[in-house]
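Annotated features in TrEMBL:
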type	residues	note
SIGNAL	1-24	signal peptide
DOMAIN	21-197	domain 'GH16'
ACT_SITE	GLU104	active site, nucleophile
ACT_SITE	GLU108	active site, proton donor
Amino acid sequence: MNLPCSKFMLGLQVILILALSISALIPNFHADINIFFGGKHAKISNDGRQVDLLLDKSTGSGFQTKNGYIFGKFDVMMKLVPGNSAGTVTTFYLNSSWGTGHDEIDIEFLGDVNGKSYTMQTNVFTKNVGNREQRIKLCFYADNIPIRVYETGKTKVPFPSEQPMNVYATLWDGSDWATAGGRKKVDWKLAPFTVSFRDFNIDGCVWSGIGLATTCSTSYKPKWIDQKLTLKEVQKLAWVRKNYMYYDYCTDPNHHSPPPECALKITAGG
C-alpha cells in the first residue's frame, strides 16, 4: 500500500486534539530539531523541509525538537513505509524531559503486510501512568477528522499539563508486539524502510528553561488556545470511533474499573 502524505497535528491544550490538519507555513528542520538516535539513518534535506528516517537491521532513527514547549500545536506531513510494513513502528509524540513524573502524548503507526491498513494507536501518560491506548484502522482519507480527545472535565482527571514537553518522531523495530501481537515480524529482506516527515510547523509557547511549566520564554497566546470541538467535529469523532476503532482502554474487560475520564461525555464547545 503506497500511502500518500497526510498532515498530523499534536495539540497540547485544555482539550487535547490528535487530528490531521493543513498548513501553508514552511519551517526548517535544521533550525528546530536534533537527531537523537540513529546517526546517518536520519537525513535532513538541504532545504530543511524534510527529514527521512531509515530503519534497517542495525538500527532505527529519530529526532526531537531543540526546545521544550508549555503548550503548542505541532503539524507535520508524514509519508509512512509503503508496501509490507509489518513490525515497523512510526511515531510522532510529545514527551516530558524535566520535572518529576513522566508525561507523554503518543501517536504511533503500526505497520502491516501488503494489502492491509495501518493501525493508528494513541496513548496518554500522566505522572508515569499510561495504559490509555486507543487503536483505529486508518480511514482512506483522514485529514481534518479528529480521532482522539482526552478531556479533564470538572473531575480530577490526571492531565499532562504540568511540565514542558519536546516533540519526538521515530522509526523502529516493533516486531515483538506491533503487528498481530508480534506474530508478524519485520521482513529484513525489504530493508531499509523509510518514513518521511515534511513541512514541520511549530506554533507553541517555548519553555524558558527555568521555573514551573507555566513559565514561557515570551508572552504568547495564539488564537487556537481556546479551540473547542464543533458539533460537526464531535459527529466525525463518533463516526471514527464507531467504524474504525477496535480497541479502547475504557471498555477493556481486563481493567477492573475504567479511569475517571472514561465517564466524561465529549460535547461540542465543551
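Just so it is clear, glycine is given a Cβ too, placed from its N, Cα and C backbone atoms.
Note: TrEMBL annotation is automatic and uncurated.
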Cβ-based isolation winner (fewest other Cβ atoms within 10 Å) among the active-site residues GLU104, GLU108: GLU104
Model confidence over the domain 'GH16' (21-197), averaged pLDDT: 86
